[in-house]
Each structure stands twice: as C-alpha cells, then as structure tokens.
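A.B. asks: A single structure is presented below for examination.
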Amino acid sequence: MSNLYSAGTPHIQELQNILDSQQEEWAAIKENYTTQNSLIAKENCTLKMKLSELENKVSQLIRENVQLRSQVSLNKLEFQNKLASQINVLENGVIQRLEEVLYMFDSIRKKESLPSRPTSTNETVDRIKKRRQSNEEARNRRRSRSVSTGSAHSTSSMKRRSSTFGEDLIDASIKRALDNAQSNSLQTSDTLRLSELPGLNEIDTNNVNNDNLLSPIPHKKRKSNRRKSIYVPELPKPNNEPLMENTIEQQENICSESLIQEGEQSEKLGENLDADQSHVEDQSFSFTNSVLEYSIPEENTLPKQDILDETEKRDTAVNQKKKLEIFHDPPVEELSSSKNEKPPENSITNDPAFITVTGNNKVKHSMKSRKPKKNKGSVDESMPCTQSTESVDFDRPRRTRGKTVDYRLPSLRAKMRRPTEKLVDATTTVNIQDLQVKYKKSKKVLEKELKTDMKAMKSPKKNEKTFESGTIFKKISRDNESRPSSTHSTSSVDAECSHNNSHSENINSSINDTTHSSFNNSTKSVLSDITNISKNKQQQKTKKLLKTAIINDIYDDKTKNAQKTVSFRVNEDDLSVFDLIQHNDTNKSSPKTYRSRSRKNKA
C-alpha cells in the first residue's frame, strides 16, 4: 500500500497544480465577464432612459397634433358657416332685387296699359327656388357618383403606389370632375333662365350652351396681344333655328356624360402611372429627383454632349430671330418662306454678310452714319490675371489711353513728389531767396504821399515846423540818391515843390479839408512832427512771395528814419554775418522787365 501511495503522489500533485492554474484563468475570465456585464447594464439603463424620453416627446407631439387637428376642423367649420351665411345673404339679396325689377316691369306695363305677363312675380320666384333645389340635388348625385368612381380607382392603384401620392391624385381627379360638373350645371341653368325670360326667344339656347362648352381656356396675356386690338371682332349672327327647352333630365345626361369621360381619363392616368412605377420598382417617386435633374448638372442622367447640342440649337435660334436690317423689313411672304425653310448651321457661321450680334456689340438705332474706328498703333498691355480667369472670354477695359505702360520708369506720383529723377539726399540745398517776402509800395501810394506832403507845405502854419523837423521828405530823400538825408534847406524844398507841382493839381477838395483839419488838431498835440498821417489809409494787400533775397537791413523800405546807420550786407550774395560795414544806398533792386528798364534809363 505504501508503494502505491508513493507512486501515486506525483500524479496528484500535477493534477493539483493544473487545477490551481486553471482556477486563476477562470477567475480572470470571470472578472472580465463581470465588468462586461456591468457596462452592458449601464448602457441598457441609459437606453431605457432615452426611450422613456422619446416616448414622452412622442406623446406630447401626438397631443399637439390632436389639438392642431381640432383647431383646423373648428376653423373649417367656422369658415363653412360664414361662407354659407354670406352666400345665403347674397342669394336672398339677388332674389329680392329680381323681385323689385319684375315689380318695376309690371308697374310700367300697368302705366303704359300694356298686356300683363301670364305669370306673376311670385310664381317666377317659386320657379327660381325650385330650380335651385333641383340643381343642388343634381350636384349631390354627381358628387356621390364621382366619389364611388374615385374609390374604385383608388383601390386598384393603391396596391402599387404609395398612399400619399395616390390620395393626392384621387383628390385632384375628384376636384376636376366636380369643377367641370358645376360649370356644366351653371351653364345649363343659365340657358334655362334665358329661355324662360320674355323677349329673348330669338336667341338659341343650344348655341349659347355649345359656345360655353367649347370656349377655350383664357390664355395668358402677352405682348403680341396688343396687335389683336387692330382687328374688330365680329358680332355673333343669330340663327333662325327653333328653340330647344332644356329640362332637368337633359342636364343630368350632360353631366353624366362629362363624369364618364373624366372617369375614363382618370383611369388612364392611373394605368400610366402604374406602368411607370412597374419599371421603377425600388425607387420611391419624389420631387427631389426632378429638382436634381434641372439644378445639379452632375446628377443629370443625360450625357453632356446632348445638353451641349440643345444649348447650341437654342443659341442659333435666338441669333436667327435677331433683326439686323433695321430700316428695311422684308415682306410677309419672305418671312413665311424663311420660317418654313430652316437654313443649315454652317451657312450661318460661314456667311460673311451675317453679323453675329453680341451683348457688347449692339445694333445702334440711329440715322447717323457710324465713323470707322481708328486702329491705334500702340497695343495695350493685358491686365494681370490668374489661371482661373484666363479661360473666361470677355473684353477687358483699357488701362491706359493707348499708351504702353513701362514699369521700369518712375510713376507719375513719384514725379510729382520729387523735383528731379535723381535721388534726394542730404547734400541738396534750398535757396533762401525764393522764400523772400518784400514789401514794395506801389506808385499810386507814393504819389498820394507826395501830394499830402505838398498840401502840408502850402499851409502857412506848418511850413516852419516842417523846415525845422525835416520829416516831410523822408521817403523822397530815400528815393533820390544824390540828395542828403540829414539836413534840408528852403531852396531844396522849393525845388522839390516846383518839381512836383504837376502832381498837386489833381488833388480833390476832400483831401484839402482832411489835411487842414488834421493840421489844426495837431497844433495842440506834443508830437507835432509825426501828425501828418492821412486818416483814409488803404487796406494792406496780401503779401506776395518774391524770388529776391532777404536783406537784413534795419532800415528797409518801411523805416521812417532818414538815415541808414547800419547795414548787415555789402552785397546780396554775401553772408549776413559779415555785413557790418556801412554802405551807401546804391544796392537797389534791378528792374526785371525790358519795359521797366527802358523807363528807368529814360528817366
């Protein structure tokens, strides 16, 4: 027994080891499955929550739908009630007016002693009401028949079609049938009323009915309808055939025939639609396919060549219709022959006489002869463009007026900003003489000052003071170079007065008064030597920029002292720092023009 036990122990140990290892694997697999189960449970919970939310939303939508339907139905009922009441009011009003009209006719007959009508007004009104009731009954019958035919047609076609599309088609066919039936019934009722009214026995009711039935649908107004006003419409010729009284049975026969025809047409339409849907089994009929065919060219089933051919044909037709000969229209026969015989496409393109009129080159409707365009020698450069715009063909506007653009040369803006084509650097100089502002007195002002001085000389009281002070002839002494400026003798004054007598003769009396008054007032003043200032001073004119140099003189033209003591320049070109030497009044502005020079030389 001991040998068996000793021999069996290692096998048991191996089995135990295998069991331990498998147990670990089982534990790992268990953990994985538990985690997966927990995740799945969480996802199920979230899905349940979402489903509950969706159910709540669906229930809310259903409630809203029910409310909206109830509102729509109530609105429809209200609208129908309003319509019915309004129509009843209108009908009663029309009947009342008819009664009034008939009463007027009867009263006129009585006044004029004419034979009265065989039937009274009340009887006519009763007849109209009976006709109304019979027409309503006929309409109800037609509606019931049309509904029955529509239901039979819908049961046969609903098997192959979608529910919404079939219902819409049935409703449309029923509406058409009802509209036609109503129009027919109205026409027949109109003919009956015309037949019963007195004085209208000459008109044929059958012709009226046929004209109404066979009348075309009113077409849309176009521009060509203006020409129709040229032709006067002919009046309808009355036929001499006997009258045919339409009864209610004839009305019903006509309406039943129209209903049968419309039922056949609707059945044919349904069969055609069924056949179309048998070809397209899986594709649902929708409006998007038709929209895609027209709007998106990639989704279109037609090949591109067919589309291009169609567009070319349209363009050629439009070009053929355009009128080139403006002042000469061909006769009607030629137009009809040209319409019947279409010219080939090659003849239009190859014919040199045929001018293709584009949007840019329009035919000008004027009597003036067009001048031939001059071919300019210089060719304009093309505008820079990208690769996408190179394929587009259209005439670009000219950038310049026939001049080629050379981008190497400086632009006009650069020329305006700098004085020359050279670069501007720090070595450039500015001429200060160009910035001079010089105050030059005009000849008229100088003459006026001389005249005032001469008047002051004539007055006896002021002569002594003027001789003593010597302030009257300051400006005269500046102009005269040879005469000294410091001392004035009586002889020099007399000479100047005799020289300027010619100027003093033209002075007005007003100036004399002003000068006398000024001198009388100036006797009391302390500064008697500078009181000889005229009151009527001219306004200073605007300063002008002159090109002569600025002389830094203390005693320039505006100074009132007679003598120049210091001057800062010997010559105008010299620097002002070294102008410390006194110089004579020989440096004057030279005359600029030939005329002024000649005058100076003569003087």
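Backbone N, Cα and C define each Cβ position, glycine as well.
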A.B. asks: Among the residue ranges 410-430, 431-451, 557-577, I'd like the one that Swiss-Prot describes as coiled coil.
C.D. replies: 431-451
A.B. asks: According to Swiss-Prot, which of these ranges is coiled coil: 238-259, 260-281, 304-325?
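C.D. replies: When 238-259, 260-281, 304-325 are checked in Swiss-Prot, coiled coil belongs to 304-325.
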A.B. asks: Return the average pLDDT for the coiled coil (11-74) as a whole number.
C.D. replies: 93
A.B. asks: For the compositional bias 'Basic residues' (594-603), what does DSSP give as the number of helix, strand and coil residues?
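C.D. replies: Computed counts for the compositional bias 'Basic residues' (594-603) are 9 helix, 0 strand, 1 coil.
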